[in-house]
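**Student:** Quick one: this structure, given as structure tokens, is what I'll be asking you about.
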Ligand SMILES: O=C(CO)COP(=O)(O)O
């Protein structure tokens, strides 16, 4: 049985003044929601205080990226071990904004995901096509190649999460339709089954991300192979995050 995960990605947003949102989110999750995990991935500067704010609640906190190495001369970078030390349980790797802004390739993303596993974190491995790729009919091939290249060798199915985030739907207000999501998520599950077997593939939560909001979450979460969401803008406000969480089963 696949776990359900409602995860927020704060991206480069949030100051200490935003901790009230984390406290409110922590206070609102867990009640009667066995089987639905809640997670907020926050900037590294907030991780320790966010972990403290969530302490004793069902809310987990995570990082937004990590370096592949455990430590060393990498100015400005943060290792998976550091994230774990700060209280993270998960880390997002391979977000399209990291792939674009920092030239992160599938190979780099796989190394980051391996680092997360080494540190005892769950990597949320992001994949998704651009608008040009969608228009050219390349979506399924591209996403399959990202899956093949971004999941590290030796990873076990129960240790990873995949997030499908079509780049054209991120922060644009444009949401993929249920049919579009269904097509890609089904293809992702099939590809994962080739590597992990059908039972293994079934254990990997497949999140959808891209302009997910309280008003469209129910429809998205109903799609067959959708096991949760990776939510950007709407995760910044506890009320919105909790309204999405409330619709997850
Ligand atoms: O990129 C996303 C989450 O990782 C989605 O962002 P938005 O929900 O703001 O579109």
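Note that Cβ sites are derived from N, Cα and C of the backbone, with glycine treated the same way.
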**Student:** The substrate site in TrEMBL includes 9, 10, 11, 171, 232, 233. Which of 150, 211 is also listed there?
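**Tutor:** So, going by the record in TrEMBL, that would be 211.
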**Student:** Could you state the whole-number distance in Å separating the C-alpha atoms of residue 165 (active site, proton acceptor) and residue 95 (active site, electrophile)?
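**Tutor:** One finds 8 Å between the Cα atoms of these residues.
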**Student:** Taking the Cβ of residue 10 (substrate binding site) as the centre, count every other Cβ atom within 10 Å, in any protein chain shown.
**Tutor:** 21
**Student:** Under a three-state reading of DSSP, tell me whether residue 232 (substrate binding site) is helix, strand or coil.
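**Tutor:** Its secondary structure by DSSP: coil.
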**Student:** Among 10, 11, 232, 233, the binding-site residues in the record, which have a C-beta under 6 A from ligand 1?
**Tutor:** 232, 233
**Student:** Could you check the recorded positions 11, 95 and say which one's CB has the fewest neighbouring CB atoms inside 10 Å?
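**Tutor:** Among the recorded positions 11, 95, the sparsest Cβ neighbourhood within 10 Å belongs to 11.
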**Student:** Count the other Cβ atoms sitting within 10 Å of the Cβ of residue 232 (substrate binding site), across every protein chain shown.
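**Tutor:** If we count other Cβ atoms within 10 Å of residue 232 (substrate binding site), we arrive at 21.
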